[in-house]
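The following features are taken from Swiss-Prot:
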type	residues	note
TRANSMEM	3-23	transmembrane segment
TRANSMEM	52-72	transmembrane segment
TRANSMEM	74-94	transmembrane segment
TRANSMEM	115-135	transmembrane segment
TRANSMEM	140-160	transmembrane segment
TRANSMEM	172-192	transmembrane segment
TRANSMEM	197-217	transmembrane segment
TRANSMEM	223-243	transmembrane segment
TRANSMEM	248-268	transmembrane segment
TRANSMEM	311-331	transmembrane segment
Amino acid sequence: MQFALMSGLVAFLATVLLIPRFITFYQAKRIEGQQMHEDVKQHQFKAGTPTMGGTVFLVVAILVSLLFATAFQLLTGGVLAILFILALYGVVGFLDDFLKIFRKINEGLNPKQKLALQILGGIVFYFVHVRGAGGGELNVFGHMVHLGVLYFPFVLFWLVGFSNAVNLTDGIDGLASISVVISLLAYSVIAFNEQKFDILLVCVTMIGGLLGFFVYNRKPAKIFMGDVGSLALGGMLATISIALRQEWTLLLIGLVYVIETSSVMLQVSYFKYTKKRFGEGRRIFRMTPFHHHLELGGLTGKAEKWSEWKVDFFLWSVGLIMSLITLAILYL
């Protein structure tokens, strides 16, 4: 356990030291910062804030994990698989951010390009790690269900789905970074109890990196992680749940990401249905993803506006409670 804490501390200190230099470089080169969607009026003042900060904590977490895993003879296939997805999905996010900021392409990678690259990463992960490790059984609330060839599309769905879910969650200061810290703390406990010390190392290292990033990402944020960070973190969580053979746990531990994604899907579907049925589109939520609904009118959407901190603490609490419930189901 000490090696993991040391690794996390190194990642924390490195990120805390490097982020200000990244911000200084960003501003010195007069790079255009974060663009704000015109519909999110309450966040327009944040336009121009440096973004792509995920580049820093990703590089730090990957290098520190490799260093400590090698030093403590924990450089396993599981570690390499997690770091592979972290790096590849980070590259996908980096390309998306790069096109938006440097090439002035508003949508970055189009949805088909992004999906194709995410699926490619999932295919490599499956055939190199999952299939090689004899995967094919899905853990459903503690019961192993043999899926055979169907486990392959499940893996792709899990990786792509949660990668995009965390991306949707990254919409207000500090929300995604601490939500993922809470999720990784839960997986650290699971990895420790299952004696998967290699995966424990990676989890704690990323926790250190994210806490270092949060120093500058908390409200008022001096930097955002960008798609380079959020897409990679979602892919990482999905990979960890698969590597631990505890896939089902991500539905509870990652309930915040599920809520955020579901709110968008419900909103779009209901709007299209009502427009076709009644001639005008209607909405379930004030705005999606769900954190914007909370900002504009609390849980009901009709109450007074919530501050970003209130939204953060509410959704962090949901993540923490669900993580504790998951651990209780597993070990009590």
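Glycine too: its Cβ is placed from the backbone N, Cα and C atoms.
Between the transmembrane segment (223-243) and the stretches 3-23, 52-72, 115-135, 140-160, it is 52-72 that has the most C-beta pairs under 8 angstroms. Taking residue pairs at least 6 apart in sequence, the transmembrane segment (3-23) and the transmembrane segment (52-72) share three or more C-beta contacts under 8 angstroms. Segment contact holds for the transmembrane segment (3-23) and the transmembrane segment (197-217), given three or more CB pairs below 8 angstroms at sequence separation of 6 or more. In this chain, the transmembrane segment (115-135) lies close to the transmembrane segment (74-94): three or more C-beta pairs between them fall below 8 angstroms, excluding pairs fewer than 6 positions apart. Long-range contacts of the transmembrane segment (197-217) within its own chain (CB-CB distance under 8 A, at least 6 residues past either end) are made by residues 1, 3-5, 7-16, 19-20, 23, 53-54, 56-58, 60-61, 64-65, 68-69, 72, 74-76, 78-79, 82-83, 173-174, 177-178, 180-181, 184-185, 187-188, 191, 223-225, 229, 233, 236, 240, 243-244. The stretch in 74-94, 140-160, 248-268 that contributes the largest number of Cβ pairs under 8 Å to the transmembrane segment (172-192) is 248-268. Using a Cβ-Cβ cut-off under 8 Å and counting only residues 6 or more beyond its ends in the same chain, the transmembrane segment (248-268) has close neighbours at 139-142, 158, 161-162, 164-166, 168-169, 179, 183, 186-187, 190, 234, 237-238, 241, 283-285, 288-291, 293, 315, 318-319, 322-323, 325-326, 329-330.
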